[in-house]
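Below is one structure, written out as structure tokens; comments come after it.
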Ligand code: HAM
């Protein structure tokens, strides 16, 4: 019988890498928590129409990448390709916007896009996101960006940059769109690109083909056609970023893959990741709530890629968190020693010490190998003679240094040795 493999384009995380995965996710969530974002847990599938209307009918995400199926009740259901639309749905459904604003929410979980798999691009991926709803204050845009930047720095990452732009709003965007379409109409573009220019001309600015890039080099840019209000908003966001000490570069050609963005847009780009270099992105989406049937409230947020942040840590050789499975590992020599070391599990773990021991009667050599592999700092080695003397050997694995501690004091001695 052939064994099963995971579906194409889906990552598995197991020890030791899974410990880094959790550390990356928790660092991102921790940064949001420190800025007052409350946690929201949402379903991984929603009504298909929510994404069609929220993300945009003409986006690649909606036209090509959604996992959509009909459930047993004949409803069209889609595995969530992103988080913002679902958060807005929950905010509207539960009236979360009736309390104090801004409403600040954070989430983490799996998202699904049927993309062509490649390094850093998966069909199931993990994001940590935040959304701040109901206050159009440029300081809030800067806060959202700073929360992401702080988390990346806390992980130890340095090889990334923050790219920033403004996409204008409903008052200045239509005129710019017409201007860009008029420019594109004069170019000798192929039929498919011409069709794209008709639906979403901004996408043509993001075309990766060198011949198209050359043609759109002099295309008008939104940044140069912002209304006074949009420009003032953008300048204030940049000012607050300076106040927060967050470095950025402007990229007026940035094109986000989702249609709901207005004004501030940003991406965190890592140079060591090849083609899939965005470790996170986000922006403001002032019309989305109303479009989904809610109040006309503004919003700003981000989605950070946990998988790609993990890859970035590997590329830079930085290790967020602790990959060891345990702090202390028990090495019993004989049955009596084993029952003593088993009995120590409860008091050690209750004292917050991560404790594991050699199961399966491995003998000294096998048990010491287990201790090394566990990543523990200390082994507790216990033999017949130690039991008689009421002691246990506390061995530091990195140095081999060993000292006797009284069995009755073992929890205190272990905690002292670990510096806790
Ligand atoms: P997004 O730019 O589509 O934004 O995705 C955010 C991040 O998710 C990307 O920068 C990337 O790190 C990660 N990501 C996206 N697709 C994949 C994939 N196929 N494989 C691995 N990682 C991936 C959003 O999703 C918006 N909802 C963000 C947002 C929140 N904007 C405002 N609020």
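Cβ from N, Cα, C; glycine included.
Pulled from TrEMBL:
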{"type": "DOMAIN", "residues": "32-312", "note": "domain 'Aminoacyl-transfer RNA synthetases class-II family profile'"}
{"type": "BINDING", "residues": "82, 83, 84, 113, 127, 131, 256, 260, 261", "note": "L-histidine binding site"}
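Residues 82, 84, 127, taken from the binding-site residues 82, 84, 127, 261, are distinguished by a CB atom under 6 angstroms from ligand 1. Other C-beta atoms found within 10 angstroms of the C-beta of residue 127 (L-histidine binding site) number 23, with every protein chain shown included. DSSP assigns residue 84 (L-histidine binding site) to a helix in the three-state reduction.
According to its DSSP assignment, residue 127 (L-histidine binding site) is in a strand. Around residue 84 (L-histidine binding site), the C-beta neighbours below 8 angstroms that are at least 6 residues distant in the chain are 54, 129, 131, 258, 260, 285, 288, 299, 301, 303.
Same-chain residues at least 6 positions away in sequence with a Cβ under 8 Å from that of residue 256 (L-histidine binding site) are, in sequence order, 167, 265, 267, 281, 283.
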